[in-house]
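Asker: Quick one: the structure is below, and I'll ask about it shortly.
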Amino acid sequence: MSKLADLRQEYARAELSRDHVTDDPIEQFRAWFDEAEDAELEEPNAMTLATAATDGTPSARIVLLKGLDDRGFHFYTNYESRKGTDLSQNPHAALVFLWKPLERQVRIEGTVERLPAEESTEYFHRRPRGAQMGAWASPQSRVVDSRADLEENLDTVKAEYGDEDEIPRPSHWGGYVVRPTEVEFWQGRPNRLHDRLRYRRSDPAGDWTLERLAP
């Protein structure tokens, strides 16, 4: 820990200019994501999700991107978790993707909506069976006395659904879509003069403005 102030890395892998990007940030994200996959990065769909309660108290955690379309960025969780509670009170969020070997970040801000129930159900049934049971067994973000309590909950779920061909989706579990109003692409550059290109719009249905930000 004594060397924290001396930890640094020079970035010189690539550059980013207006000539390098598309007019649509969703398409630009897809292009960068494909490059992250081609580079065989571990879990390139891992992203920081930041939410805030109505009093402004923030919270952040790593979740996985599980879908992307013209509406925005999809993830799934327990609606009664800390993030679910935050989003029910304050439907705004920020996402950050870090692809360190490529010296890249993508930062997203936007409004958040629940995905339609049928989409959540379809994705739920594509999950491993154990993960489906876990969604029933875990009272996410609540205090539990011990790990044994969780295992007991799981045993109860197995007893109820173990012989069923299909486990129903819990009503407290499902998907969200972050509808972006701002998307920033960051490329590391020498001397900390990084490239930052930001797309922004005033509402999720508006036109995009592209601008360069100082690092």
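The backbone N, Cα and C atoms fix where each Cβ goes, and this holds for glycine too.
From Swiss-Prot, here are the annotated features:
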BINDING   R8, Q9, E10, Y11, K66, Y123, R127, R192, L193, H194  substrate binding site
BINDING   61-66, 76-77, 82-83, Q105, 140-141, W186, R196  FMN binding site
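On this model, are these features tucked inside or out on the surface, and what's nearby?
Answerer: Around the Cβ of K66 (substrate binding site), the number of neighbouring Cβ atoms within 10 Å comes to 15.
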Asker: Measuring Cα to Cα, how far is S141 (FMN binding site) from R127 (substrate binding site) in Å?
Answerer: 21
Asker: Could you measure between R82 (FMN binding site) and E10 (substrate binding site) for me? Cα positions, answer in whole angstrom.
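Answerer: With the alpha carbons as reference points, the distance is 37 Å.
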Asker: CA-CA, which of the binding-site residues R8, E10, R127, L193 lies nearest L65 (FMN binding site)?
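Answerer: Given the candidates R8, E10, R127, L193, the nearest one is R127.
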Asker: What is the interatomic distance between the Cα atoms of R196 (FMN binding site) and E10 (substrate binding site), given in whole Å?
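Answerer: R196 (FMN binding site) to E10 (substrate binding site), Cα-Cα distance: 16 Å.
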Asker: Specify the nearest of the binding-site residues R8, E10, K66, R127, L193 to Y76 (FMN binding site), where nearness means the distance between Cα atoms.
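Answerer: Given the candidates R8, E10, K66, R127, L193, the nearest one is K66.
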Asker: Determine the most Cβ-crowded residue among the binding-site residues Q105, S141, using a 10 Å radius around each Cβ and all protein chains in the structure.
Answerer: Q105
